[in-house]
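Taken verbatim from TrEMBL:
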ACT_SITE  Asp173  active site, charge relay system
ACT_SITE  His242  active site, charge relay system
ACT_SITE  Ser579  active site, charge relay system
COMPBIAS  243-252  compositional bias 'Low complexity'
DOMAIN    34-114  domain 'Inhibitor I9'
DOMAIN    165-619  domain 'Peptidase S8/S53'
DOMAIN    421-495  domain 'PA'
DOMAIN    697-800  domain 'Subtilisin-like protease fibronectin type-III'
REGION    138-167  region 'Disordered'
REGION    223-252  region 'Disordered'
SIGNAL    1-23  signal peptide
Amino acid sequence: MAMRWLLLCGCALASLAAAGASGRGGDAGTGSQVYVVYMGAVPPRTSPNLLQESHLSLLGTVLKRGRRADGVVVRQYKHGFSGFAARLSEAEAAALRRKPGVVSVFPDPVYQLHTTRSWDFLQQTAVKIDAAAAAARRGSGAHAHHRAATADADSPPPSPSPAASDTIIGLLDSGIWPESPSFNDAGFGPVPTRWNGTCMAGDNFNSSNCNKKLIGARYYNESDVRGPSQSGGGSPRDDVGHGTHTSSTAAGSAVSGASYYGLAAGTAKGGSAASRVAMYRVCSEEGCSGSAILAGFDDAVADGVDVLSVSLGASPYFRPDFSEDPIAIGSFHAVAKGVTVVCSAGNSGPAAATVVNAAPWILTVAATTIDRDFESDVVLGGNNSAVKGGAINFSNLDKSPKYPLITGASAKSSSVSDADSASHCEPGTLDNSKIQGKIVLCNHSEGDTSKLVKADELKDAGAVGAIFINDVERAVSTTYLDFPATEVTSAAATAIQKYVASSSQPVATIAPTATVTGYKPAPVVAYFSSRGPSSQAPNVLKPDVAAPGVNILASWIPTSSLPAGQKEASQFKLVSGTSMACPHVAGAAAVVKAWHPTWSPAAIRSAIMTTATQLNNAGAPMTTDAGAAATAYDHGAGQVHPAAALDPGLVYEAGEGDYLGFLCNYGYDAAKIKLIAASLPGGFACPANSTAALISDLNYPSIAVSGLGKGGGGSRTVTRAVTNVGAAEEVTYTAAVSAPAGMEVKVTPSKLVFTKSVRTLEFQVSFSGGKDKAGKKGAAMFGSITWSDGKHMVRSPFVVTG
């Protein structure tokens, strides 16, 4: 259970790549382990069979006598890119690194999963903000710079595109539970003829488990790489729950009457409910091997998916280079083939520079809350006053406050000297005889033993309930099932502590959880959501956008842990993490793709970013859950606005050539880039002046400039190009700038005039320090540039550091 909780709810720390490979992939007695050999793009006019033979031939040149190449290869990549995974010694891996045509050789890493009302909330919040913006425009003629409006803010959301059912969302995840009602195919037509995928048979799974909704399911047997697994893995069937949850969030069919044992009741549906689903099981409870992740990307490209949703990643503390990161590699080639790749930003927030999956060809998603809370109040004796709390429990305690209340510090065991640990109810620190039949008030901090472990210890010791004082994690509702436990903030706990101190016999009770909707403010950035800047490429602003990722209701696998009185497991569960935010954006991307089937992944990303919102449901700028003003390092361009993304007005295009230029500026040489790319113009060479500073010129929908000058006193000019995709061919856009104090920002030209023959125009943005210079080197200054034609507002956030 502890391992599953880590995977699903966002502990976000992945295993060290080398440790993961050597610890699980080692060949006993031989000193070998699994390595990934990445060889870049598939050479033109090369068949898969010929590519496989060339892999085996290359491998044979480095193996010791007696070792057969086909006996050590565990996976081969031959569709979206070229390479293989094989069990090698360190010397053999080193020899392969020196071979012509090899981009990189690295130990097979183990990544971790980054673990409905949410879609209704996105629509409702957007409508309220649109209406406010429209009213402001009608009243004053001024442009609202917080978001980009849709064609008519007062019109209903657009109806689904007829082509929506032909879009295919692939997910690299832990598998799928095909019996879930979210994957019912009622009303779906035939599977698109362009689909090349398959429904693999495996343990407790056969081809009949797929249908016209779930059109593909593959798995990658981890026993070949890491040895026997306790969780199986020889099947596309999900035994973790994560993949079922993310796939139903992205594209689940509408299911009325969905709830988690009565909580969060309503209709559960995916963001693109008309899309088809293809699952690539690359993860198990033990994690997600890099070799399987690459195989999933390779197959998904060949199968014909339109969008890939990837809710997993490396640790921000042991982040590999792009050429040794399976997600960066696989997504690069998928995007080159026209597949939009959406990834979770990671769950290592709120610390700065923890964002992962930050390659510029990836759409990187942060997590926010929605306007729903799960309230479980504490009722105190005396005047029966209620203290607001929050958690998910199905308490069967009496409604009257009659249960003795004690603090952890007061229940300290005589054999324990550390009173602070007792006040936090750490396991082994309390006297069981003092807490039997009582509700225990416990402090809780980051770094403590899990609240679930504490709750289990208290329950086993005879306590009837628990109250955890928890400021950081309060927004994420922990599920305690039938043990009456709730969480309160330190401010709310003051009333409880005063009551305990003033009463000789304090008593209380804990109310069962009730669903509260219309909660304000929302959205706020979740505490766990990983933050920018990107430590790999600070001149690309990451994350890109934010989406709901807290307490999200979606489909789940059957479980034996039921609340008291329940006879059947819920088919849905409430889960939190950037894992849950990622499929929200993948669903939105699929809808944009359905409406605009010829748009590139960059155009789809641009539409989603430039139309994002920055206001909450109280009409104020978004904040973090700590109450601080949210910045682009927290939520990127803002909260995704799916309806607005269908009509962005302008888009920032980028293709493989732009990303190759990024790699030049990142530091790769031309020889390496020639292997990575599918095709290059004759005589390709990286410019002599390639430098990390020039990454700021990548045609991205946001702008990041680092090292402007000591104290902010320098200057820098970046270039962008936008393409008119609106209905009006003859249209003029005007720039408006929101700049921080001490920063001068100039857009040249300030007007862009598009015509029938001129659809793409360039502009430059100059940044320079003003009289009030930045206080210290490296301080981040945030602002935005918005292009408007009076109908669309195309907003690009920027960040400048000294």
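From the backbone N, Cα and C atoms, a Cβ is placed for every residue, glycine too.
One residue stands out among the active-site residues Asp173, His242, Ser579 for having the most other Cβ atoms within 10 Å of its Cβ: Ser579.
Through the fold, the compositional bias 'Low complexity' (243-252) approaches residues 116, 118, 169, 171, 173-177, 180, 182-183, 268-273, 275-277, 279, 281, 283, 309, 311, 552, 554-557, 573, 575, 579-580, 582-584, 586-587, 590 of its own chain, all at least 6 residues removed from its boundaries and within a Cβ separation under 8 Å. Here the compositional bias 'Low complexity' (243-252) is broken down by DSSP into helix, strand and coil counts: 9 helix, 0 strand, 1 coil. For the domain 'Inhibitor I9' (34-114), the model gives a mean pLDDT of 95. Recorded residues Ser579 (active site, charge relay system) and His242 (active site, charge relay system) have their alpha carbons 8 Å apart, per Cα-Cα distance. DSSP labels the residues of the domain 'Subtilisin-like protease fibronectin type-III' (697-800) in these numbers: 4 helix, 58 strand, 42 coil.
DSSP places the residues of the domain 'Inhibitor I9' (34-114) in helix, strand and coil in these numbers: 25 helix, 24 strand, 32 coil. Taking DSSP states H, G and I as helix and E and B as strand, the domain 'PA' (421-495) has 23 helix, 18 strand, 34 coil. The separation of Asp173 (active site, charge relay system) from His242 (active site, charge relay system), Cα to Cα, is 7 Å.
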